[in-house]
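Q: My structure is below; once you've seen it, I'll send some questions.
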Amino acid sequence: MNNIDRLHSPKVMKDILSKYGFRFSKGLGQNFLIDGNILDKICDGINLGKEDEVIEIGPGIGTLTQALAERSKKVVAIEIDKKLIPILGDTLSSYDNVEIVNSDVLKLDLNELIEEKFENKKVKLAANLPYYITTPIIMKLLEDKVNLESIIVMVQKEVAERMQASPGTKAYGALSIAVQYYCNPEIVTIVPKNVFIPKPNVDSAVIRLDVYDKPKVKVKDEKLFFNVVKGAFSHRRKTLLNSLSASGIGVSKDQIKDMLDNLGIKENIRGEKLSIEDMGRLSDMIYELNNK
Ligand code: SAM
């Protein structure tokens, strides 16, 4: 295959899929991109340059991989489906800066992979994966503090909105805080259904996550912080006070009332109004109380 035969052309894609008798797997979330503009937006979105090194998860037939390879120094692409490996060998044959790893990303230690393939340098990560595993994978990358500069990922549109949401908006919740604790999220573009073959049921968005060197707020106990966040949003129609005291976090209603009072926060506030900084301060107060 010639690298001028752009895979995002539906005809080129259909020809290559029929050459290999490839059948899409719904379970593996195989919806392949057929829009060159979106590929450009993804590469521009992470400000990809010739010095950058990239991990791609879920290359499919290599559509985005080609774009990444042309604009960066090196790409290591991880694909679970062994039926795609010969296709990728074909579509990426003219790129000498691409390596394919046939593996399930959920079973890989990405820090080890970065050590082995990138000499432990900070890399950028691009992914377009089945949506039901995308959020858990992003959270695992962030929680494991994988050595990443930024992540650019295709997610369901509503999930992107929740990741980027600010306090007081409808989309703001535990996911917003969990993501914003580790990185700065920014929606790059909304992606309509018709730029994929086959067409998915939902609209998508490309979101960039710029990973902080240190979490956005410094808390005394990270595990407790995330439990407080979970507790604060566990009963969306209840006030923060009722939601937290019902969440089994081990503090009484009166104690939470005192803490909110100390923080200058009204006791009838709902969790969705609280900033990540306030949530951090509240969690530290609970920590102090539990460790007196
Ligand atoms: N990047 C290509 C594109 O945009 O056209 C394909 C994206 S498609 C939505 C998702 C890809 O992720 C498929 O190629 C699928 O086989 C692969 N995949 C699914 N689960 C995976 C996993 N656990 N580890 C690695 N790759 C996976």
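Even glycines carry a Cβ here, placed using N, Cα and C.
Values in this document were obtained by computation on a predicted structure and should not be read as measured data.
Feature annotation from TrEMBL assigns S-adenosyl-L-methionine binding site to Asn31, Leu33, Gly58, Glu79, Asp104, Asn128. Residues annotated as domain 'Ribosomal RNA adenine methylase transferase N-terminal' in TrEMBL: 38-213.
Let's see these features in context: how buried, what's close, how far.
A: Contacts of Leu33 (S-adenosyl-L-methionine binding site) defined by a Cβ separation under 8 A and a same-chain sequence distance of 6+ are given as His8, Leu39, Gly60, Thr63, Leu64, Asn128, Val195, Phe196, in order along the sequence.
Mean pLDDT, taken over the domain 'Ribosomal RNA adenine methylase transferase N-terminal' (38-213), works out to 96 on the 0 to 100 scale.
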Q: If we count other C-beta atoms within 10 Å, could you say which of the binding-site residues Asn31, Gly58, Asp104, Asn128 has the fewest?
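A: With the binding-site residues Asn31, Gly58, Asp104, Asn128, fewest surrounding Cβ atoms within 10 Å: Asp104.
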Q: Using Cβ-Cβ distances, find the residues under 8 Å from Glu79 (S-adenosyl-L-methionine binding site) that belong to the same chain and are at least 6 apart in sequence, listing them in sequence order.
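A: Listed in sequence order: Gly58, Pro59, Gly60, Ile85, Leu88, Ile100, Val101, Asn102, Ser103.
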